[in-house]
Amino acid sequence: MSEPLLRVEAVSKRFGGLLAVDAASLVVEAGGITGLIGPNGAGKTTLFTLVSGFEKPTTGRILFKGRDVGALAPHERAALGVARTFQIVQPFAGLSVRENIAVGAHLRHPRRDDALGKAEAVAERVGLADRLDAPASGLTVVGRKRLELARALATEPELLLLDEVLAGLNPSEVRDIVPIIRDLRHSGVTILMVEHVMQAVMSLCDTVYVLAQGRMIAEGPPAAVTRDPAVIEAYLGHGAAARLAAREAAHG
Amino acid sequence: MFSPDIVIAAVLNGLLTGAVYALVSVALTLVYGVLHIINFAHGAILTAAMFAAFFAHQAGIDPLLSVLFIAPAFFALGYAVQRWIIGPASHGDDRNILLVTLGLSIVIENVLLAAFRSDTRSIDVPYGFSVVDLGFVFLPMPRVIAFGVTCVVAALLWALLTRTDTGKAIRAVAKEKLGASLVGIDVTHIYAVTFGIGAACLAVAACVLLPSYYVNPRVGTAYVLVAFTVVVLGGMGSVPGAMIGGLLIGVVESLSGLYFGESLGQLGIFLIFILVLLVRPTGLFGARA
Amino acid sequence: MTGPVNTSPRTSLLAAYGPILAVALVLALLPLATTANTVLNAMVLALLIALAGQGWNILGGYGGQFSFGHAVFFGTGAYAVALLQSRLGLNAYLAFGAAVAIGAAVGAAIGFLSFRSGLRGSYFALVTLAFAEVFRIVANASPWTGGASGALIKLDMRPENFQFASRATFFWIALALVTAALVATRMMERSRFGAYLVAIRENEDAAKALGVNTFRVKLQAITASAAVTAAAGAFYAQYFLFVDANIAFGTWISVEALLVPIVGGLGTVFGPLIGALALHGLAEATKALAGRLPGADLALYGALLVLAIAFAPNGVQGLFNRLKGGFSTRRAA
């Protein structure tokens, strides 16, 4: 098999006395959607900040298309084709939706008119076409999530890192966004997503990695991973897997 | 080279000056630690307090006595300014707060200039030229008094912050504003109290400075730039850092004045300031962010 | 404080640059209406401040990096133009160009040091303030800059020396400089650089994630900003044929440079010009009313700064637009 798009090799990140990520490894194959799940505080967002370059790993290597990008700044990784969204959305509040997206589009389109044109096309894809001239500060929660997605997409990434784009949305809003993500994959964008909405993870992801207390404890297809006793214990506490199995046996 | 006696005298004099720097800096760092703003009106408030002490002396009250009412008056003034001007005017935006305090400093300084012109005034007190004889060095009495008063204020401040409910509330707000407001602390009130304490400290500094110094509408600027340096050196928001930093800068200034002459002594402070900002903006004693 | 939404998409060249040329043309007629030296002098000063403020506006208004020490660039321009002529015998126009370049270089150096250290907000304001003070103390003490007595440009009133008998000529030159700065600012607004700069003001981390080299953009912004403010300083020295440290590197110019865009409209093309005309109009009026009380005009400026932030976060233009918006909504209702 050829070199994967992203390879994270035994990466650790230490903040003072806290080992937030502990020798975690993962592989993202081109063209797929890979999920990264785990209990709160597992280090998922930290791992994202390492892949996107906002923090540098304490040890370990991050390879994008076979190239070690561990020392590159975020904007250099964006130029190579790695885009991210933020869990807490970070709109340019004083700018319009169009101008927000155009900032991303400028990465590949130096001319203002081209960038604004690209922004309109991207807005269409994420369902913001009718809000182009609205100020970003006036968007609803789901609107801001769409904007976060649109700006990242406008950089024309090969790898898109989605940090909980579905968090805080109601079920009908989730149903609106999920097809957009699926559509992105069909257009050739590879996605690595941190997500808590399990239903979306199950339906979208080909492969899921599970991070708990900074360590990668499981990987595989979503259905298999959610049955993994180690994963159940990580979420529900020590002995939970055994109790669940016993209860199932009793009912069955 | 200078004889050891002269160097020791310069160090001691530097410590005496440094104590006043420390007091001015503690006020600045306290406000920064709690409100997370740099109060650019700090120097102007000091100048205003020195004018207050000056006119109290004209009315026959020694600064060491007038401090007893000027300090409370400045507490009230500081409280009011934060609560009813800086707070509402800045809409909670950090950049606005910077500009509002800058605007206030320009207003205070120039109103003083319009009212009292740029004349430099000083006062005569009976102890103005007394000295304390340590055997090998004479120290000017007014500055020894200033040093003593600073120590007393530092002790009072420490007691206030650690022993009283208000002090605990101040520290709570400094650490976690949202959490403090959730447990029922009135953050707006605490902000104003902190600003008031800062102004009161400046009033004390003004009263102990005046007997050995002079006052004109721009006198505060020199002190506030030193205080900025001290606060950055000691770590923004750190009260012990400001105390140590103040003494240190006092000594550095005194020694560089001895070796390089007066006007370049001030230049030394700015160069240290820029260097610290660029190399270690969290301060010599602060943790790396 | 954030600027209003600008850089409206794909506006025509006429819509983008027409208003600038119209304003320039109207102002250019002023010397035909009056020959009173006091009026022209006041106008030259207002334009000078508008230019200095336009420089500040690039970095502060568009980039969100608030400098409290733009006097360092103003003073560098002023001293450079004076010393290059008096010490090195350079032609006045060459000296002017060199002064702008030296100002830009000082801006780049300060920007490199500050932004590489990651200074923002209060820290950036402090470090710029300190740099201005260092330059002031050195200029005031060094014999090369003329020490406390300042530097003179030799009076030799000939056009080839950038010295004119008529105030009107200086007025037109100042107007041309301001117009050039307005056009350059508009071009910046319509460019990728401008979009990146505004993105940094709004959210630096988000800008990084979208591929913006924030360090480089801020460095370019402070360099351009310093060049424009240095041009104002150089013009000042050429106009008065004299500089000293407390004027050139004084707090007053740092304050006015930031005040006029804030009063007129932060991060807008016309903000500094509107602010400068409004402030100087007001200052002249108070002078007429209150006489020449020292400090009265600065006290007024300080109060205006506080009031502008409290009640008109988008400046005079924003206030005007809000009123206009209020009327049109009422009409629609």
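Placed from the backbone N, Cα and C atoms, the Cβ positions cover glycine too.
Here the structure is a predicted model, which means the values were calculated and not measured.
Some features that TrEMBL has for this protein:
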TRANSMEM  B:6-30  transmembrane segment
TRANSMEM  B:37-57  transmembrane segment
TRANSMEM  B:63-85  transmembrane segment
TRANSMEM  B:97-116  transmembrane segment
TRANSMEM  B:136-161  transmembrane segment
TRANSMEM  B:190-214  transmembrane segment
TRANSMEM  B:220-237  transmembrane segment
TRANSMEM  B:267-287  transmembrane segment
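Listed stretches B:6-30, B:63-85, B:136-161, B:190-214, B:220-237 were compared with the transmembrane segment (B:37-57); the greatest number of C-beta pairs under 8 angstroms is found for B:190-214.
Put simply, of B:63-85, B:97-116, B:136-161, B:220-237, the stretch with the most CB pairs closer than 8 A to the transmembrane segment (B:6-30) is B:136-161.
In terms of C-beta pairs under 8 Å, the stretch of B:63-85, B:97-116, B:190-214 lying closest in packing to the transmembrane segment (B:136-161) is B:190-214.
Within the chain carrying the transmembrane segment (B:97-116), a Cβ under 8 angstroms from the stretch's Cβ atoms is held by residues 35, 37-45, 47-48, 51, 81, 85-86, 89-90, 216-218, 220-221, all 6 or more beyond its ends.
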